[in-house]
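Annotation comment: TrEMBL describes B:12-215 as domain 'Acetyl-CoA hydrolase/transferase N-terminal'. Look at TrEMBL and you will find B:GLU288 tagged as active site, 5-glutamyl coenzyme A thioester intermediate. Feature annotation from TrEMBL assigns domain 'Acetyl-CoA hydrolase/transferase C-terminal' to B:327-462. If you look up TrEMBL, you'll see B:ASN378, B:GLY382, B:LYS402 marked as CoA binding site.
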2 protein chains.
Amino acid sequence: MYRERVRNAALLERITSADEAAKLIRDGMTVGMSGFTRAGEAKAVPMALAERAKTDPLKITLITGASLGNDLDKTMAEAHLLARRIPFQADPALRRAINDGEVMFVDQHLSETVEMLRTRQLGPVDVAVIEAVAITEDGGIVPTTSVGNSASFAILADKVIVEINLAQPDTLEGLHDIYIPSYRPARMPIPIVSPESRVGMPYIPIDPDKIAAIVVTEKLDSSSTILPPDEDTQAIAGHLSEFLQHEVKAGRLTNTLQPLQAGIGTIANAVMHGLIDTPFHNLKMYSEVLQDSTFDLFDAGKLDFASGSSITVSAERYQTVLEDLARYKSRLVLRPQEISNHPEVVRRLGIIGINTALEFDIYGNVNSTHVGGTKMMNGIGGSGDFARNGYMSIFVTKSTAKDDVISSVVPMVSHVDHNEHDVDVLITEYGLADLRGLAPRERAPLIIANCVHPAYREQLGDYYRRAVARGGHTPHVIEEALSWHGRLRETGSMKI
Amino acid sequence: MYRERVRNAALLERITSADEAAKLIRDGMTVGMSGFTRAGEAKAVPMALAERAKTDPLKITLITGASLGNDLDKTMAEAHLLARRIPFQADPALRRAINDGEVMFVDQHLSETVEMLRTRQLGPVDVAVIEAVAITEDGGIVPTTSVGNSASFAILADKVIVEINLAQPDTLEGLHDIYIPSYRPARMPIPIVSPESRVGMPYIPIDPDKIAAIVVTEKLDSSSTILPPDEDTQAIAGHLSEFLQHEVKAGRLTNTLQPLQAGIGTIANAVMHGLIDTPFHNLKMYSEVLQDSTFDLFDAGKLDFASGSSITVSAERYQTVLEDLARYKSRLVLRPQEISNHPEVVRRLGIIGINTALEFDIYGNVNSTHVGGTKMMNGIGGSGDFARNGYMSIFVTKSTAKDDVISSVVPMVSHVDHNEHDVDVLITEYGLADLRGLAPRERAPLIIANCVHPAYREQLGDYYRRAVARGGHTPHVIEEALSWHGRLRETGSMKI
């Protein structure tokens, strides 16, 4: 079967074992691996590397698209294989190693990593390891369920290892649109003018001589770990839908809205799912990860087209999406994350970005990454590419966490990923705050009234009143601004 | 003389006094006025409005390009004319009214204001007041020393008041390139592919019937208030030059660098001036404000071309630049600030952005706006457009302020305008920290060693060591993170 997938006959002789291929990777190297939010990651070579590290200690800098599935980040972290990890992860074991200071984690906007590699501000990439459904006659690599940074890794690396995954359906071929911006200073505009624009090639074009090894695998992607919508996420979806309908009534949007982007995870997925029961129609997505809700919206006849950088669905959805891809293929495209998240395209298309906050403050600053201001959760991901440059930037979260001992709305966030300038709308299950055109002193009362859990409303109102008494454009009782986080640390609760 | 400037004969009859024209502006209106960093602001109508407000109280929302000269923001603030002010200011009296909560200030990325107006997320603009050197035969408005947001104000407003300023040299005509992005979702790429690209018209095209009044003025722009380079700013310029030469040696840049952007003010101007004594040549600027240093670089034969949104020079420079504009005109273009700062163009051209920080922290987060976390200084301006989207983002500041009682490097900034993801290089007079590709635990020792004033180095090192003992990706002693600001407030110094 792999002979049909490796269509360049000369390359057949480079087929080898994962252990052999992994020998191309040596201590101190920078390795670029495919994989974007549990989709399309190289599966065999990283396992072989981790196994080898048990007896032959080595450390690498690992750059990916985003998070990996199949517990690969866990396995590599536990094998102490990772000196440096770029630009995103979502694994508890790796997170622990990062927070312990063992792994140096460089948390980047997802559109920026390859731009830094291309300009040699990062790198160079010694070896790329790319999962593929096929290699074309002239050596082009056809990615699987994600593009991520794979194209630039393969183009920039000295050597490329391709993992041909027989478990990934060959119908994936033709889904991808590989466009690489030209080198500056002679760069031309990216010709994408709508989510369905196809402007590149269906495979990654590289010199076949760079393909140093091919490994045949047949392991599936991990399923997504999202939870089904619950009462709170349905309430959040309801507030969003009501708000967008109000925008339509005010003449600022039509019922086809603007192209939508949704962050990774349960809440954003539930919010997108919630669009099924709305008057909106002929929607388009220009997003990163296409989750279950994308296909729910297709099935409900609400969505016309979806552009992303990966497909990451639940176990239940796997059959209907990946085993029956033809149903959706004409309405889908997967792009490099540099393009799915590119400021140029995000601004041109006028994306409505919906992302998840860990916490936000009374002035609309958002923390997406750091628990208690210090401990890394996953990373900023692509949220900053969309929040800064899109038409409208919406952040959603539940109003509390851990049985209400943590308020998601605080006097001052303990870490800022998205500041007041980039946050237009905030939503919790209690309500929505539309911050557009408002000064800080107008935002705070609105956020406190609309978004805060009742258990914290008076406490936050009290803080704000005392802050205003001190004055300032953005009033704070500065020595108390982070006291909620200190109290949580000392007493186990933010409550006074 | 004004007959030569108002070339549409039918419009001559709309010439009137500032007082009469100002009557078009009524209580509660939103007014868009020309003006970008003390250049090209409407001068007579705002004065007439402020005078009228003394006896006939009225409040308006005032949107401009950026800050105004001729003490206009002061005069309007003191007349209590301003209910709301968008998107930037730099006046002590207005700043006081903002910090007292009298004026609602909406602090925006400078590229975003007109995008929000165009989509009616702000506004509508009732009246635009635009300074011009001329009105063309078909009613086109030729701006003066700035474009700012003037074009979109005139296009979007119901009525337009034009101030024909006879003191502004008519040689300004032909300097401007007015390009307005098309409406989404049918927006095409902005065709700018280098700083010298001319893609629009030399005037603002509007229906002449919208020009409701014309006022003739002859007041000069205010001079810039920048101070000459001093020992510290020369040291900062030296560190930058050395760093850029290192980048050239490493093969990441050539001696023509990438197009340069420089923030407003003394330090950024001094740093740009410092490029005169370097091996760099054939430089180009794609910036907002063209200050003295732009023309110093032209005169030194270092600069080939400069694109900006305004020309703001010192009194000494006025004669050589504005009275003798022909010397420079072929190497200059002034654009709408939406375009000078557009994420699409900034990313495509690969700008090196050099902006000023109020303070930064040991992890590279930058505060550009809020003194002590609460009091607004000027606003974020365009720095966020460049820092997020450019090739490289550099922030400069002196290591201390106010006779060393304030350290510009702190454990945690009291307000975040640019977060760790957007800050590549930090420079003070003591040295430079190159943060590219580094994790927080690598950045902190580098920043402490290279950038901090000796009086605070041990104090900051002590904080960092205790923070690391607690763990985390970005270690903090959270209850102490803002204690330097609290101590300054209580004791008058950040020193222990």
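Glycine residues also receive a Cβ, built from the backbone N, Cα and C atoms like all the rest.
Heads up, TrEMBL stuff is auto-annotated, nobody curated it.
Location within the structure of each feature annotated in TrEMBL.
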residue: B:GLU288; record: active site, 5-glutamyl coenzyme A thioester intermediate; Cβ within 10 Å: 32
residue: B:ASN378; record: CoA binding site; Cβ within 10 Å: 21
residue: B:GLY382; record: CoA binding site; Cβ within 10 Å: 29
residue: B:LYS402; record: CoA binding site; Cβ within 10 Å: 10
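Broken down with DSSP, the domain 'Acetyl-CoA hydrolase/transferase C-terminal' (B:327-462) shows 46 helix, 38 strand, 52 coil. Site extent for CoA: the farthest pair of Cα atoms among B:ASN378, B:GLY382, B:LYS402 sits 26 Å apart. Considering only the binding-site residues B:ASN378, B:GLY382, B:LYS402, the residues lying within 10 A of the residue listed as 'active site, 5-glutamyl coenzyme A thioester intermediate' on a C-alpha to C-alpha basis are B:GLY382. Reduced to three states, the DSSP call for B:GLU288 (active site, 5-glutamyl coenzyme A thioester intermediate) is coil.
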